[in-house]
Amino acid sequence: MAAAWSWRASHSTITMTSGSLVVLFLLLSIWQPAVQVEGRRQMANSQEMIKDHLGARSQNKTPAITNNANQSSTSSADLDDGAADDDDNKADLPVNVSSKPYWRNPKKMSFLQTRPSGSLLTLNCHALGNPEPNITWYRNGTVDWTRGYGSLKRNRWTLTMEDLVPGDCGNYTCKVCNSLGCIRHDTQVIVSDRVNHKPILMTGPLNLTLVVNSTGSMHCKYLSDLTSKKAWIFVPCHGMTNCSNNRSIIAEDKDQLDFVNVRMEQEGWYTCVESNSLGQSNSTAYLRVVRSLHVLEAGVASGSLHSTSFVYIFVFGGLIFIFMTTLFVFYAIRKMKHEKVLKQRIETVHQWTKKVIIFKPEGGGDSSGSMDTMIMPVVRIQKQRTTVLQNGNEPAPFNEYEFPLDSNWELPRSHLVLGATLGEGAFGRVVMAEVNNAIVAVKMVKEGHTDDDIASLVREMEVMKIIGRHINIINLLGCCSQNGPLYVIVEYAPHGNLKDFLYKNRPFGRDQDRDSSQPPPSPPAHVITEKDLIKFAHQIARGMDYLASRRCIHRDLAARNVLVSDDYVLKIADFGLARDIQSTDYYRKNTNGRLPIKWMAPESLQEKFYDSKSDVWSYGILLWEIMTYGQQPYPTIMSAEELYTYLMSGQRMEKPAKCSMNIYILMRQCWHFNADDRPPFTEIVEYMDKLLQTKEDYLDVDIANLDTPPSTSDEEEDETDNLQKWCNY
């Protein structure tokens with residue numbers, strides 16, 4: 001070996017010293033015997049393992065390939081009680097023989113159930129016994145438990161939960177008892193958020209070598225929130241490269257592929273394929289079938305030779321690495337003085353930043369899609385560590401969040417000049433600004449915000465991108481997301497929200513609620529006629545019709561969420577907010593006395609269900625606000641329960657004073673208790689077009705001494721019986 005190495009060294013292009021050759025000779029002399037001994041030991045161990053494996057499987061003579069996707073599971077309590085010793089024998093017991101409880105089919109009982117949110121889960125604990133046992137369900141060790149959201153159904157042996165949410169996660173235990181004993185089974189339930197994606201590979205099949213007539217298996221597990229289809233595809237081969245063109249599907253909807261009494265013709269490639277509506281994923285492994293142990297021994301010996309070659313390559317590479325390291329150290333020494341000066345001036349600062357990741361829906365903004373509602377973008381925030389260099393005493397720049405760059409909407413911060421604050425809430429505020437000599441509004445978060453507040457602002461921005469532009473909605477103009485806080489730039493409405501605008505410009509005679517000690521208000525800046533009010537309602541209907549065509553549900557349509565722009569163009573705002581109905585307290589009274597429940601449809605009050613028809617109900621309430629110059633609907637109702645009882649009884653708000661019957665008819669159509677009876681926004685727009693095109697002269701509205709009782713009188717009931725006749729005027 002030393003001679004061989006000396007010959008290679010003499011022909012090498014690298015000049016080495018005699019000391020290096022001596023060190024290399026010693027390393028090889030020590031390493032080679034160790035490798036040979038290790039190779040023989042691994043070969044012997046492989047032989048023993050294969051013999052033991054064959055001995056354990058020699059008694060199993062069943063068909064060549066079987067498939068089993070569900071492994072049998074028996075709880076520890078079953079084993080303690082002896083209930084799982086012989087399930088088949090117990091199933092054959094006579095009816096009059098006393099027996100403590102035992103599981104009817106323990107192989108179908110699993111210890112772990114993973115489901116996406118919004119799906120249905122059924123836990124089954126079917127047991128037998130004499131006398132007939134009873135069952136008790138526990139969640140996290142508690143017997144008296146309920147769900148915070150969704151229905152819960154307990155049948156004889158099953159527990160069913162619909163519309164799963166992350167709050168349903170936990171340990172569920174079924175305890176079955178009779179007078180002779182008890183058994184129990186635990187199931188861990190995990191509910192994960194839905195993510196639209198093609199199947200994601202979790203565990204793929206591994207290459208497998210089996211001796212003829214032995215047994216083995218391959219495993220394949222994918223994660224998919226959508227309905228998926230799985231299949232195993234087989235390609236026969238004689239060696240990994242000499243393969244047939246014939247492909248066949250040998251199993252479907254199985255996570256595990258079992259090989260029992262394997263034959264030579266079963267050698268080949270096995271591919272696990274799973275697909276859903278968004279695509280497919282696959283993973284492939286090779287099954288090698290050998291006739292005897294000698295083939296495996298030859299493979300082990302060949303592997304030993306490859307290991308020896310690897311040692312030579314490793315040592316040679318190590319010498320090159322040492323040589324390059326020496327050159328690097330020499331270069332570093334020459335630069336040491338310069339580096340020392342730089343270290344005195346530059347300090348490395350490690351910071352933790354948060355990366356904002358946006359999962360955009362595929363086809364979520366397509367109005368021609370088959371979905372009833374628009375798919376909201378998913379926003380995730382992940383922590384990551386970054387390194388920043390600080391020069392001298394100047395503080396290092398720090399950005400708490402890292403946002404993805406969208407070049408189609410990004411604006412330079414230097415073009416943005418912030419001005420006065422227009423309004424602010426608990427965690428966000430809106431500021432007037434100027435961009436390229438144009439007045440805009442900028443949305444941002446306040447100090448003390450949380451990650452959820454950032455995610456909500458990002459989600460609102462992404463929804464506005466998906467929806468697009470329309471004259472009667474607040475449109476997105478751009479954003480500033482790089483090298484600083486997130487600014488969402490939208491259109492500016494100089495006249496504020498519609499509710500305040502109507503109240504400021506209400507006609508004289510609507511001051512009965514004003515304190516007599518206060519001076520009379522100044523005349524309105526703009527005299528609003530009934531035709532102006534109808535134009536306002538028409539613009540809002542057009543904006544809502546556009547949002548409905550984009551599969552967007554507003555959920556909070558009210559005069560306070562409609563802004564008045566230049567030339568009294570109305571624009572619907574806050575349609576991009578992703579509201580969590582379960583976590584938002586819609587029943588709590590705000591400090592200004594407004595109750596958002598008064599704009600909600602009956603199905604939203606009772607079932608938290610929202611769709612375009614629930615927005616139509618809210619539009620009817622908004623229409624009433626317009627015709628009363630921003631008055632509060634249902635002034636005497638102060639709770640959700642009272643409002644729902646009021647609506648269930650068939651009562652509705654009366655027609656505002658001097659409001660035309662045509663407009664009130666539209667209100668009543670929007671307030672149908674059955675959502676299917678409410679007109680869509682497309683028909684509302686057509687109805688408004690007819691009203692505006694009529695030759696009838698509209699009088700200026702002068703609503704003096706207006707009284708809005710909470711119920712509908714009998715006289716108005718006679719008028720509403722002829723709604724269809726008025727609609728076809």
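Each residue, glycine too, has its Cβ placed from N, Cα and C.
Taken from Swiss-Prot, the feature compositional bias 'Low complexity' covers 66-77. According to Swiss-Prot, the feature disulfide bond maps to Cys125-Cys174, Cys220-Cys272. The feature domain 'Ig-like C2-type 2' is assigned by Swiss-Prot to 203-279. Among the features that Swiss-Prot reports, topological domain 'Cytoplasmic' is placed at 331-729. The ATP binding site feature in Swiss-Prot is assigned to Leu422, Gly423, Glu424, Gly425, Ala426, Phe427, Gly428, Arg429, Val430, Lys443; the stated evidence is sequence analysis.
Structure with Swiss-Prot features highlighted.
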{"residue": "Cys125", "record": "disulfide bond", "DSSP class": "coil"}
{"residue": "Cys174", "record": "disulfide bond", "DSSP class": "strand"}
{"residue": "Cys220", "record": "disulfide bond", "DSSP class": "coil"}
{"residue": "Cys272", "record": "disulfide bond", "DSSP class": "strand"}
{"residue": "Leu422", "record": "ATP binding site", "DSSP class": "strand"}
{"residue": "Gly428", "record": "ATP binding site", "DSSP class": "strand"}
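Looking only at the disulfide-bonded residues Cys125, Cys174, Cys220, Cys272, the one with its C-alpha closest to Ala426 (ATP binding site) is Cys174. The CA atom of Leu422 (ATP binding site) is located 60 Å away from the CA atom of Cys125 (disulfide bond). Comparing the Cα of Cys272 (disulfide bond) with the Cα of every entry in Cys125, Cys174, Val430, these being the recorded positions, the smallest distance points to Cys125. Proximity of Cys174 (disulfide bond) to non-local residues of its own chain (separation of 6 or more, Cβ distance below 8 Å) is seen for Leu123, Cys125, Ile135, Thr136, Trp137, Tyr138, Leu159, Arg184, His185, Thr187, given in sequence order.
Counting every protein chain shown, the number of other Cβ atoms lying within 10 Å of the Cβ of Leu422 (ATP binding site) is 16.
Note on proximity: among Glu424, Gly428, Val430, the binding-site residues of the record, the Cα nearest Cys220 (disulfide bond) is that of Gly428. In terms of DSSP helix, strand and coil, the domain 'Ig-like C2-type 2' (203-279) has 3 helix, 41 strand, 33 coil. Computed over the domain 'Ig-like C2-type 2' (203-279), the whole-number mean pLDDT of the model equals 90. Around Glu424 (ATP binding site), the C-beta neighbours below 8 angstroms that are at least 6 residues distant in the chain are Val430, Lys446. Neighbours of the ATP site: apart from Leu422, Gly423, Glu424, Gly425, Ala426, Phe427, Gly428, Arg429, Val430, Lys443, residues of the same chain with C-beta atoms within 8 angstroms of the site's C-beta centroid are Met444, Lys446. Maximum intra-site Cα distance, ATP binding residues Leu422, Gly423, Glu424, Gly425, Ala426, Phe427, Gly428, Arg429, Val430, Lys443: 14 Å.
Of all Cβ atoms in the shown protein chains, 18 besides its own fall within 10 Å of the Cβ of Val430 (ATP binding site). The recorded positions under consideration are Cys125, Cys220, Cys272, Ala426. Their Cβ neighbour counts within 10 Å are lowest for Ala426.
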